[in-house]
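Undergrad: Encoded as structure tokens, here's the structure I'll be asking about.
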Amino acid sequence: GVFCGEPCIKASCSIPGCECIAGLCYKN
């Protein structure tokens, strides 16, 4: 649930442990 500070491109996030939700990267 914490924003990782980047949008996700092609449904992937460059920051480990983060997942793409609604166009943005979140972790927990």
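Placement of Cβ uses the backbone N, Cα and C atoms for every residue, glycine included.
Got these off Swiss-Prot a minute ago, pasting:
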DISULFID  C4-C18  disulfide bond
DISULFID  C8-C20  disulfide bond
DISULFID  C13-C25  disulfide bond
Undergrad: Per DSSP, to which secondary structure element type does C18 (disulfide bond) belong, with helix, strand and coil as the options?
TA: coil
Undergrad: Around the C-beta of C4 (disulfide bond), how many further C-beta atoms are within 10 angstroms, looking at every protein chain?
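TA: C4 (disulfide bond): 19 neighbouring Cβ atoms within 10 Å.
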Undergrad: Out of C13, C20, C25, point to the one nearest C4 (disulfide bond) in space (Cα versus Cα); all of them are disulfide-bonded residues in the record.
TA: C25
Undergrad: From the Cα of C25 (disulfide bond) across to the Cα of C8 (disulfide bond), what is the distance in angstrom?
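TA: Cα of C8 (disulfide bond) to Cα of C25 (disulfide bond) measures 6 Å after rounding.
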Undergrad: Just counting, how many other CB atoms are there within 10 A of the CB of C13 (disulfide bond)?
TA: 20
Undergrad: Can you tell me whether DSSP puts C8 (disulfide bond) in helix, strand or coil?
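TA: DSSP assigns C8 (disulfide bond) to coil.
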Undergrad: 10 Å Cβ neighbour count around C18 (disulfide bond)?
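TA: A 10 Å sphere around the Cβ of C18 (disulfide bond) contains 20 other Cβ atoms.
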